[in-house]
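For 311-386, the entry in TrEMBL reads region 'Disordered'. The repeat 'WD' feature in TrEMBL is assigned to 39-71, 79-119, 120-161, 258-278.
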Amino acid sequence: MELVAGSYEQVLFGFTVHPEPQASGDQQHQWTPVADFTHHAHTASLSAVAVNSRFVVTGSKDETIHIYDMKKKIEHGALVHHNGTITCLKFYGSRHLISGAEDGLICVWDAKKWECLKSLKAHKGHVTFLSIHPSGKLALSVGTDKTLRTWNLVEGRSAFIKNIKQNAHIVEWSPRGEKYVVVILNKVDVYQLDTASVSGTITNEKRISSVTFLSDSVLAVAGDEEIVRFFDCDSLMCLCEFKAHENRVKDMFSFEIPEHHVLVTASSDGFIKMWKLKQDKKDPPSLLCEVNTNARLTCLGVWLDRGTDTKESLPQAAEPSVNTEQSKIGKKKSGDVVQQEDTLNPNSKKCGLNGDSKKPVKGNSLSARKRKMIEMPEKKKRKKKI
């Protein structure tokens with residue numbers, strides 16, 4: 001596996017970690033991260049990172065998205081469609097990448113041809129965060145226009161708009177997609193999908209910087225402090241808390257491999273740490289390993305060399321369309337959900353965004369220089385190492 005972390009200093013760090021077998025009894029085996037690469041590709045601080053089974057992509061304040069092929073360890077090119085800081089990047093399987101930026105756009109990319117399939121005017125202000133439903137048929141986004149928006153990825157259009165009282169900066173689906181959380185400052189509103197209403201609110205000590213679901217009911221919450229807390233989304237109670245870093249925690253990532261459920265944290269103190277989660281989330285996790293990058297970390301991902309994704313792509317579209325589409329937004333009523341189309345059901349049989357278009361959206365999905373790099377013969381590609 002590879003830990004990848006972006007920094008304020010414009011550098012992407014990569015560290016290879018080889019998991020140790022499960023230790024018997026109370027004996028604890030420590031994992032060892034080994035520096036693999038440092039790459040200075042962006043001209044401004046990194047703001048987002050995403051991974052799938054083959055690629056790592058990074059977004060930056062320099063308005064570009066850079067692509068890295070982790071199998072070949074080469075830089076693969078850059079996407080230059082957005083005008084504004086890239087605020088969020090999410091892969092769905094091996095075929096699709098969705099990006100959001102301060103220009104208010106959400107773009108859907110073919111992650112094999114690296115073409116922009118759909119460009120949606122998502123928010124009147126910045127897109128601050130987005131999350132894709134486990135089915136691949138819905139997405140949620142929040143922005144600086146004080147709205148929470150539901151997107152129908154089946155047809156590539158806006159479905160619902162909910163006005164919220166303040167600007168939210170994080171939205172996240174639960175693993176099964178039965179609930180989602182919306183973060184505003186130091187509060188987490190827990191929504192149920194079937195009612196689209198808040199079932200409860202979790203309050204953290206400081207402003208929240210990152211959340212990640214450890215299970216369908218347990219949420220890890222980190223903020224502008226050294227502490228990470230685990231909350232139960234049903235009882236809204238804090239299950240446990242532990243000091244993870246010496247400075248604020250900027251990002252978290254959780255994953256499961258055989259015999260281990262792991263939480264990774266990155267902090268402004270420069271450290272990336274890996275924690276082994278206990279079966280009972282009331283017990284604080286134990287430290288597996290840590291590495292000091294000596295940089296101010298901003299974003300985090302973990303590339304797992306699993307061959308292929310179980311989720312290959314977003315569902316195939318019933319009526320393919322790859323033209324840039326400005327979503328048609330209905331008039332907003334204060335405090336209400338604006339319904340534009342029929343109620344969305346992620347379990348419906350209709351299927352989603354087309355990934356087979358041969359024509360990129362008019363505009364600029366790849367700069368000429370980077371496009372040439374992608375089309376280079378394999379022998380030349382290998383020369384450009386990261």
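A Cβ is built for glycine as well, from the same backbone N, Cα and C atoms used for every other residue.
Across the repeat 'WD' (79-119), the prediction's mean pLDDT works out to 91. As a summary of secondary structure, the repeat 'WD' (79-119) carries 0 helix, 25 strand, 16 coil according to DSSP.
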